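Peer 1: According to Swiss-Prot, the protein carries these features:
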type	residues	note
BINDING	Gly8, Lys9, Gly10, Gly11, Ile12, Gly13, Lys14, Ser15	ATP binding site
BINDING	Cys94, Cys129	[4Fe-4S] cluster binding site
MOD_RES	Arg97	ADP-ribosylarginine
Amino acid sequence: MRQVAIYGKGGIGKSTTTQNLTSGLHAMGKTIMVVGCDPKADSTRLLLGGLAQKSVLDTLREEGEDVELDSILKEGYGGIRCVESGGPEPGVGCAGRGIITSINMLEQLGAYTDDLDYVFYDVLGDVVCGGFAMPIREGKAQEIYIVASGEMMALYAANNISKGIQKYAKSGGVRLGGIICNSRKVANEYELLDAFAKELGSQLIHFVPRSPMVTKAEINKQTVIEYDPTCEQAEEYRELARKVDANELFVIPKPMTQERLEEILMQYGLMDL
């Protein structure tokens, strides 16, 4: 079983990318569970046809400790198993703790079955605080992909996430598998992301072009592969799935200093001197 965490800044398209990637892996015959670790609890919406899934934390609040697995785990598109950890009530508690509670509960209830090829954790990545780092800190996820674009804030976040990975890689087995570019159609985007990934000692594993098909599929509450498996964008996600499945380049990243990051951004025209 490969346990994979997908990180990236809020709004970058992590959840969309994760759900389309897992649909691509399903097309390859893989058995998958997706665990949403974002308080927005939208990590599995497309796989479940738009059903707002009841989160682990909401279920715990309503039902107490006697929770059954089938009340927090739902099967979505292609039999992909879906769980949302959820978040605390706004202004109370810590969302990171919710992730810890959820993963522990899934383990107790026997969700990690032997037939699983992949478990994906879709994690909010602007803050690499202790709780959000849980999937990598506790040795749950062994490989990490960061979703980024050619925008400055996405790269700042990706560099920060790399610092978190570096910290926990020394004590555990977690490694960076690569950067996934979710294109924003920024000038020199491919070249910038490729240079950024290489600077970290990693790779740009796939460049996902921007496409109106993604929005169309989302309006229909589906992944692109389910909505129109014949379109070019569906093939992009299948290609991403093939690359992730075949990936063998796992590194402890070498995060950049602020100065070096800004140099790269200037080199590719994102920051004017």
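Glycine residues also receive a Cβ, built from the backbone N, Cα and C atoms like all the rest.
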Peer 1: According to DSSP, folded down to helix, strand and coil, what is Gly13 (ATP binding site)?
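Peer 2: Note: Gly13 (ATP binding site) is coil by DSSP, not helix or strand.
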Peer 1: Provide the number of Cβ atoms within 10 Å of the Cβ of Lys9 (ATP binding site), excluding the reference atom itself.
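Peer 2: Summing over all protein chains shown, Lys9 (ATP binding site) has 24 other Cβ atoms within 10 Å.
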Peer 1: Work out how many Å separate Gly10 (ATP binding site) and the residue listed as 'ADP-ribosylarginine' at their Cα atoms, rounded off.
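Peer 2: Approximately 19 Å lies between the Cα of Gly10 (ATP binding site) and that of the residue listed as 'ADP-ribosylarginine'.
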Peer 1: Sorry to bug you, but what's the C-alpha spacing from Cys94 ([4Fe-4S] cluster binding site) to Lys9 (ATP binding site), rounded to the closest Å?
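Peer 2: Here the two Cα atoms are 18 Å apart.
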Peer 1: Measure the Cβ-based neighbour count of Gly11 (ATP binding site), defined as the other Cβ atoms within 10 Å of its Cβ.
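Peer 2: I count 10 other Cβ atoms within 10 Å of it.
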Peer 1: How many Å lie between the Cα of Ser15 (ATP binding site) and the Cα of Cys94 ([4Fe-4S] cluster binding site)?
Peer 2: 21
